[in-house]
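If you check TrEMBL, you get these features:
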| type | residues | note |
| --- | --- | --- |
| TRANSMEM | B:33-56 | transmembrane segment |
| TRANSMEM | B:68-87 | transmembrane segment |
| TRANSMEM | B:107-131 | transmembrane segment |
| TRANSMEM | B:138-159 | transmembrane segment |
| TRANSMEM | B:165-184 | transmembrane segment |
| TRANSMEM | B:191-209 | transmembrane segment |
| TRANSMEM | B:581-608 | transmembrane segment |
| TRANSMEM | B:620-639 | transmembrane segment |
| TRANSMEM | B:645-666 | transmembrane segment |
| TRANSMEM | B:678-700 | transmembrane segment |
| TRANSMEM | B:712-735 | transmembrane segment |
Amino acid sequence: MTYFAGFILLAGAMLLGVPGTTFADAADSYAVPRARLVREIAAMAAQDQAETGKSISPRVMEALARVPRHKFVPVEHEQRAYENRPLPIGYGQTISQPYVVALMTDLLQVKAGDRVLEIGTGSGYQAAMLAELTDAVFTIEIIEPLARRAEATLKNQGYGKVQVKAADGYYGWPEHAPFDAIVVTAAASHVPPPLIQQLKPGGRMVIPLGSAFMTQQLMLVEKDGRGRVLTREILPVVFVPLTGKH
Amino acid sequence: MPAPLVSVGLISAAVLGYQLLLMRLFSIVYWHHFAYMMISLALLGYGVSGTVVALWRERMSRHFPVAFVINAALFGLAAVAAFQVAQRVPFNALEILWDARQPLFLLLLYALLFVPFFFAGNCICLSFVCCKAATHRLYGADLLGAAGGCLLVMALLFLLPPLSALRVIAALGLLAAAAGAWQLRLGPRLAAVLLALALVLPFALPAPVGTPVPNEYKSLSRTLHIGGARVLEERSSPLGLLTVVESPRVPFRHAPGLSLNAQGEPPAQLGVFTDGEGFAALTRFDGDFGKLAYLDMMTSALPYHLLEAPHVLVLGAGSGADVLQALSHEARRVEAVELNAQMVDLVRNRHAGFAGDVYRRPDVQVHVAEARGFVAASQERYDLIQVALLDAFGASSAGLYGLSESYLYTVEALQGYLRHLRPGGLLSITRWVSLPPRDALKLFGTAVVALEREGVAQPGNRLALVRGWQTVTLLVRNGEFGAEDVARIRAFSDARSFDTEWAPGIAAWETNRFNRLDQPWFHEGATALLGEDRAQFIERYKFNIAPATDDRPYFFNFFRWRTLPEILALKGRGGLPLLELGYPVLVATLGQALLASTLLILLPLRLGRTQPPAVPRIRVFAYFAALGFGFMFIEIAFIQKFSLLLPHPLYAVAVVLCAFLLFAGLGSRYSERLQGGVWRPVLAILLLAASYLLLLPWLLRSAVALPDALKIPLAVALIAPLAFCMGMPFPRGLAALASHSPSTVPWAYGINACTSVIGAVLATLLAIHLGFSGVIVLAAALYGLAAMAFPNHGAGGVSTIAGSGKSDNRSDRNGSGQA
C-alpha cells in the first residue's frame, strides 16, 4: 500500500515536472491525497499561466508537496487537510486555502538563504512552506496558545529552525531585520511602518486582505533598490470584470 | 365556545416579540442574512400548525380548551429552550460553501426554532376552527396583540439585555396559557397555577442571561483572544449590541487604509463593536492635534486639502474618528450625525475623558438622527459633507450587507447632499476597495446620475476619485474643479502614494501608478460611466453596479446570476470572495420556504379523509395565497416608503409596523358588520395604494421640514385607512369558509401562513429587481385576484406573521448599518 502510494506520488510529480519529491513521503499515510492536491493546484496554475503567463514556481510546488498540511490542522479536520479549502484552527483563526498559500509564497520569491519574517503564525503551515525555501524564517503570533502550538508542530515536523515568538507583530523583529521577504497574515487595518522599515531594498512583502475564510485580494509591497515603496494589488484569481471585450 | 380573545392577543404579542428578539439575538451570534433565513423558515411552524390541525381537526377540537392551554404553555417554554439549544449548534455560516455538514446544522437550527412557532400557531389555528362565530374578533385580537408585542419588545430591548428579554417573552406565553385557562373555563385554580408559573418559572430557569456569545469568527471574538484584551462594557438597544473593548498590551491602532508613507503610531484606542462586528475606534485625544497626524494620511482627508476652515457635516459619526479628522484639519464647525444614541453617550459621557470631550466641544454639535432624514430637514448649507466608512471591510467584502436597504447611497440621497452644499462645497464619500471594483464604481455612477438629474451638463468636471490600497474616496463638488484644485488633488495623492483615478483632465497614464492593478479598472470604469456607453458598460459588467435608487435601495447588492458559474468554477483558485452571499442566501431561503410550503399545503389534501368541500379548493387556495402575498408585499413596501418620512429607523418599526397591525386589527373587527364579498375593501386598498404611490414622492419632499412630532401622526394617518381595509379580507374569507366548508378552515389558515412567510422573502427579492413600486403594483393585482376568488359569499387579510420577516429584519439592520 505504502509502496503504491509512493509510486502514485512519484508518477504525479513526474507528470507535473515537480522534481525532488522523495520516497521519504511514502511512509506518510496522507501522501496520496497530498499528491492529488498538488496535482490539482498545478493544473489550476497551468490554466492561469495559459491565460496570463504567470505561474507558480517549481520550488513552491515542491514545498507544497512536502509540507504535511494534515499536521497543521486540528485532529478533527485531519481528513480534510488535503482538500483545497480553508479550515478552522481554533481561536477564530483559519488555515488558508492551499492554492492561496502557494500563490502568496510564490509572490514572495524566496531564495535559499533569504531572511523571511511572518506576522501571524496561525497554524504554522505558511512558516513551514517558507522553511522549505530558506533556512532563516522568523514568525510572530499575537495569540499566545496558538504560538506555542505552532512552535511545537513546526519542531515535530522537522522545521525546528523556524523561530517562533508570541508577541505584537506591529514592531516586526528588529533583532533579525532587515528581511528579504515579509508576509503579514494577521488582520490589520494598515501596514505597520516598522515592517516597511525592516524590509530590505529589493525586498517583497505580501499582505492578504479579507476576513476569515475569505482572502479577498493580495497586496504586494515592493521596495526598490533606492528604498522607494511600490505596491500592487492582486486578485488571487484570473477574473476580468467585463464580459465580451476581453 | 367562548373565544379566548385575551389569550390569543397575548400569544400574538409574544410571537411577534419573539421574532424581533430572535432577529436581534441571531444578529449578534451570526450575521444578519442567516438570521433572517433561519427565522423565516422557522415561521413556517405556523403553516405546519395549519396542516396538523387540518389532519386532526376533530380530535383536537373535541379537547379545544386543554389543547389550547397546553400549546400556549409549550410555546412559552419552547421559546427559551429552542434558543438555548440552538446556541449549541456548531453552525458556521462562513463555511457554508466549504463544508457539507453546515447545511445540516442549518437544517437543525430551523427545526429547533420552528417548535415555538408551531405551538403558537396551533393555539391560533384551533381558535379559528373552534370559535367560528368569533373569527373577526379573533383575527382582530391576533393583530392587536402583535401590535402590542412590537411595542413591548422595542421597550424591552432598551431596558434589558436580549437574553433577559427572552425570559419576558416566555412569561408572556405562560401568561397567555393562564388567560386561556380562565377564558376557556378550565377552572380558576389552573389559571392561578399557570399565572404563578408565568411570574416565576421563566426567571428561575438555569440558563444564561445577558447577551449571547457571538460566532467565533466575528471580529469581537477574535479580538478577545488577544492577551490582555477585555470587555469594558456592553450597551444593548434595538439598534444593536455595543461592546467596548480595551486591549492595552496589543493596541488597536485602527487607521483603515493608512498610507504606506505614514510614520508613527496612532494614539491609544478603545474598540467599539456593534453586534460583535463593525469595529469603530474611540481614539484617545488629549488636545494635541500632532498625535492625530495619521488622520491626514488617509484618503478621506482629501477634501480638507481643497477647503479652508470648512463647516463640516459628518454623516455616521460613530465613535468620532471623522470628527477628529475634521478638527485636526481646522474645521470651523463640525456637525456630527449618529443614529445610535448609546454610541453618542459612550463618547460624550462615559468615555468623555478618554475622547478628550470631543463631542462636547463648542465647535462640535452632535445630532442623534438618521443621516438621510437629517440632511433633508436641515436648513443649513455646508462646505463639506463627509459620509463616514462605517461597515467593516470583511463584512463588506463578503457581501454580508447585500440585502440591507441603504438610503445613504442612493441617487436621491446624493442629490439631497448636493443641494446642501455651499457653492464650491464638497461631498466626500469613502468606501473600501473591492477588486474588481464594485462599491467605488457603483458610487461613481450614482454620483454621475445624481449630477445629471440636478441639471449638470458635464458631471466629470465635478468629480474626483482617489484610491489608496484599501480605501477609495469620491469627491463631488458643487461647481467645477479648477486647475488648481486638480493640482492639489494630485499633490495630495502623490504625497501619500494614492492613485488619482479620476479628476477633470486626468490622463490614463497618470492613473494606476502607485498601487498598481492588473488593469486600470477604476479609471476605465469612471471613464465609461461618464461616457455615452454608460448603460452598455453597466450591462456588460459582471457585478451589479447600476446606481441604487430610493425605490431599489440595494447599494450593497452586486450579485449577478450570469457571473455565478464563473465564480463557482474559480472556487479552487480563491475565487469565492467574489461571490456576494446576501442575494444567493435570499434565493435559498425562498427556495426552501417554497418547497416546505408546497409539502405543507399538499399534505392535508393527500392524507385528509374529508369529502370534497363545498367551496372549490382552488378558490380557497387562490384567495388565501393571494392575501398572504398581497398583505406582506404592501406592508413591507410601505414600511420602506414611510421609513423615509420618519426621523429615525426605530420609528419605522415601532410606528409603521405597529400602526399597520393595529389598524388591520381594527379593520378585522369592523369587517364583522360587512355584508357580501370583499370588493369594497379591496377597491379601497387599490385606490389608496395607487394614490400613495403617486403622491408619496411629493409628500416626502413636502413633509421633511415638518417637526418630528407631526411626522409620526402623519405617517400613522396615512397608514390607518390602508391597514384598516387590509384587515378585512382575511377574516371575511375565513368566516365564509367556516359557514360553507368548516373542514377547510385550518387548511386555509396554513396556506395563508405559508404564503405570508414566502411573501416576506419574495418582497425583498422583487424589490431588488422591480423596486418597491413594482412590489406595490403586484400586491394590488393580488388583491384584485383575491376579490375574484372570494370563497363563495364572504370577505378578508393575513395573520400575525404579517408582522414578520422584513420588519425584524429592519430593526437589526439599523443596528448594524448605523447610518
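Just so you know, glycine gets a Cβ as well, placed from its N, Cα and C.
Quantities reported herein were computed from a predicted structural model and do not represent experimental measurements.
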- request: Output the single range from B:165-184, B:191-209, B:581-608, B:620-639 maximising the number of Cβ pairs under 8 Å to the transmembrane segment (B:68-87).
  value: B:165-184
Task: Please work out whether the transmembrane segment (B:581-608) lies in contact with the transmembrane segment (B:33-56), by counting C-beta pairs under 8 angstroms that are 6 or more apart in sequence and asking whether there are at least 3.
output: yes
Message: Do any residues, 6 or more residues outside the transmembrane segment (B:191-209), come within under 8 Å Cβ-to-Cβ of it, and if so which ones?
response: 69, 73, 76-77, 80, 84, 161, 163-164, 167-168, 170-175, 177-179, 181-182
Query: Do the transmembrane segment (B:712-735) and the transmembrane segment (B:33-56) share at least 3 Cβ pairs under 8 Å, sequence separation 6 or more?
result: no
- prompt: Can at least 3 Cβ pairs under 8 A be found between the transmembrane segment (B:620-639) and the transmembrane segment (B:165-184), with each pair 6 or more apart in sequence?
  reply: no
- request: With a Cβ cut-off under 8 Å, give me the same-chain residues at least six positions beyond the ends of the transmembrane segment (B:33-56) that come close to it.
  value: 19, 22-23, 26-27, 93, 106, 109-110, 113-122, 124-126, 129, 400, 402-403, 581-582, 585-586, 588-589, 592-593, 596-597, 600-601, 603-604, 607-608, 743, 746-754, 756-757, 760-761, 799, 801, 804-805, 808-809, 812
